[in-house]
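Annotation source TrEMBL lists region 'Disordered' at 1-58, 232-260. Per TrEMBL, the feature compositional bias 'Low complexity' maps to 7-43. Feature annotation from TrEMBL assigns compositional bias 'Acidic residues' to 241-253. What TrEMBL records for 277-399 is domain 'Protein kinase'. According to TrEMBL, the feature ATP binding site maps to Lys304.
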Amino acid sequence: MTRVSQISGDTITGATTTSGQSSSSSAGLSSAIAATPSTTSHSNQSRSDTSDDGTVAVAAPGRMPRADVCFVVCDLARLDAVWHRDPAAARELIRAYIDIVRQAGRRHRGHLFSRPIYHSGGTFLLAFERCAAALDFALDVRGAAQSAKAAAGAAVDHLRIGIAQHAGPCPPAADDPFRRGYQESCYASACRMCTSSATGHGAIVCSADLARQLAAPPGLRFVRRGETAILVDSQSNGGGDGEDDDNDNEEDGNDHQQGGLCSSNMCSFIISTDKLVRSDVKLGSGGYGRVWKGTYGGQTVAIKTLHGGQMDEAQLLAIREEAAMLYNVDHPYVVRFIGLALSTRDAGCGPMLVMEYLKGGNLEQLLENSSRKLSWADRMRMLWTAALGLEALHDRVWH
């Protein structure tokens, strides 16, 4: 879980309060959330809206705005509870939400500069040349979520959007040679606007100064709360003069303390890469990845690294769902799953599955060891316990 007050360095910082484990995080925002070449700006060229895997394609890139940029942070709050309760529902909710954000970004000429690893958790960063376009984008996303059915419709209960303009130059980060993002100080205010709504429910929050510049759409108005302003229905009980109203739409203080970005990373099955050390001892390999010996919090573990390095949003969502389901499997004949480590320092490093280390080796090594003879009783016991483990997995819809 990321607290906006801890933005510094090259990735997101923060700690979870779930099951005593730390979330996957390290230092600040710039090369963690914001480190992808993707944009959602319009192009004169005609392109298909969907890619081969069915996800919404990104429009042809345009020139990134570099001065007086209006930043938007789209985030889904309280998703950790959904992941724990129903991993399949969480995956579908985020998948539908990703499509909504990408389509709206394309329509309103937004530049997407965040990483897929955070998109798969429900967090997007976009840059706009005009603040009016940023507000139109936010309203478009909320409206699409409100009118959607099934999974996408559920997203509005968690949706929160922060908008803030950074006056003056908005240069790329020092460690961004391709100039595809921004220094974290440029969009930190938008992050704070977003997390000022701890629970979501479709909240659109901007700075009070920006609210004075923007015209609220018909039927809506800005209600100022100190340095922030929230867009509310004109008929809501918030004081018709639009002045600061401390009693209108306030969030519970305790909820705000849990209001960091990317609540999907607050799940108990997301573990800290800071405590994870991978050795050069390879335990095995297969079609999907390699397994290495390592340590987590000083304890010996097996670390599975997946082939392919960078993954797209759909693949990362599938990995999150798998981790959520495996974390709940507690059976004596199934290797215990410790957690999913998401690398936020190295954009080219894929997710890592951390599992219990069995010092006796794997079954293939045992069968190939000609120096050890297995009795038929041992063979039958191994077959029987393997079958019990498979049964436990199949009971949880693992096929």
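Any Cβ shown, glycine's included, is placed from N, Cα and C.
Automatic prediction, not curation, is the source of TrEMBL annotations.
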Summarise the domain 'Protein kinase' (277-399) as counts of helix, strand and coil residues per DSSP. 41 helix, 35 strand, 47 coil
Sequence-ordered list of residues in the chain of Lys304 (ATP binding site) that lie 6 or more positions away and have a Cβ within less than 8 Å of its Cβ, or none, is Gly289, Arg290, Val291, Trp292, Met352, Leu353, Val354, Met355
